[in-house]
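Have a look at the structure below, then the notes.
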């Protein structure tokens with residue numbers, strides 16, 4: 001991938017960009033094998049990769065510069081702003097949106113937030129695109145609601161320029177910290193969720209629900225999990241840290257009982273909407289802490305699927321699973337280091353199958369799917 005921003009030394013986010021993709025994949029596979037070196041692995045499946053550029057469905061832009069000449073991108077460590085509208089990780093469909101947003105910021109009088117001076121209103125622009133219909137969700141992250149009326153007044157112009165904007169919100173983030181979003185979300189459109197579709201499974205994206213940023217690889221990850229589950233004698237499963245339900249909705253069959261648990265209510269609302277559309281009545285999604293939910297149960301299903309954040313599932317949940325001993329555990333991880341640590345805490349299990357998914361090209365990060373079987 002050629003990147004003018006990298007070549008000019010203006011952005012170093014893609015640290016592996018100079019390595020060809022096959023080399024990147026080999027290095028990631030070697031890292032994963034090294035992390036799992038203490039465990040016998042029955043089957044290493046071939047790594048899965050996707051496009052090397054234009055693959056991201058989401059842009060998180062720090063807004064800086066002036067209200068007349070805003071910059072959308074990032075701040076360097078010394079506070080110097082960098083415009084990243086030309087980043088080749090974004091699809092071509094993002095360029096016209098960025099181009100229209102800059103004059104809109106001036107029209108609406110949304111003064112960019114100045115970190116050094118702690119002044120200004122507009123902190124971030126968050127843009128998400130649906131692969132299924134090209135619809136977009138746009139979120140303005142503001143310090144307060146001071147400019148809300150001005151923004152509402154100017155909005156029809158932006159909607160006329162960009163009819164693909166299906167969901168538009170304002171998020172209020174009042175704290176002087178590098179936190180992407182606050183708790184308050186104000187909808188400026190009637191539509192509140194973006195429709196997405198992976199492998200004929202309807203998914204929904206709401207403002208405060210996590211969704212994978214590489215749809216081409218994420219859809220293969222979900223399809224692989226579905227294929228693995230279909231090969232197992234499973235009638236009842238848990239989907240812990242389930243997010244918008246991607247794994248559970250792919251794996252469920254009409255006669256399977258499935259419980260999906262996720263702490264974010266917005267994500268659970270998405271999962272319930274998808275389950276209703278699919279007519280899957282034996283699926284239950286609840287907004288709870290996954291560890292607290294699991295450890296309070298007196299019995300476990302045949303399969304527990306976990307998809308935790310980078311920190312892993314942690315010792316309390318590992319201890320519970322070791323004691324309760326479900327027949328199968330599928331572990332989806334965005335941090336193989338913590339996954340390996342967790343597997344060490346599950347001594348009664350052997351690794352049947354491992355597959356690497358290159359969700360984050362040009363970086364050292366990757367996703368991994370592991371099937372653990374009770375010995």
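Yeah, the Cβs are placed from backbone N, Cα and C, and that goes for glycine too.
Quick caveat, the model's predicted, so the values are computed rather than measured.
According to Swiss-Prot, the feature active site, nucleophile maps to 334, an assignment based on sequence analysis. The Cβ of residue 334 (active site, nucleophile) has 19 neighbouring Cβ atoms from other residues within 10 Å, across all protein chains displayed.
Summarising the annotation, Swiss-Prot assigns [4Fe-4S] cluster binding site to 3, 11, 14, 87. Sequence-distant contacts of residue 3 ([4Fe-4S] cluster binding site), defined by Cβ-Cβ distance under 8 angstroms and a gap of at least six in the same chain, are 11, 14, 17, 87, 88. Secondary structure at residue 3 ([4Fe-4S] cluster binding site), taken from DSSP and collapsed to helix, strand or coil, is coil.
In the three-state DSSP assignment, the secondary structure recorded for residue 212 (S-adenosyl-L-methionine binding site) is coil. Per Swiss-Prot, the feature S-adenosyl-L-methionine binding site maps to 212, 241, 262, 307.
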[4Fe-4S] cluster site shell beyond 3, 11, 14, 87, criterion: Cβ within 8 Å of Cβ centroid: 5, 6, 13, 17, 84, 88, 89, 362
Determine the most Cβ-crowded residue among the binding-site residues 212, 307, using a 10 Å radius around each Cβ and all protein chains in the structure. 307
Number of other Cβ atoms within 10 Å of the Cβ of residue 87 ([4Fe-4S] cluster binding site) across all protein chains: 23
What Cα-Cα separation, expressed in whole Å, is found between residue 307 (S-adenosyl-L-methionine binding site) and residue 334 (active site, nucleophile)? 8
The number of other Cβ atoms within 10 Å of the Cβ of residue 241 (S-adenosyl-L-methionine binding site), counted over all protein chains shown, is 23
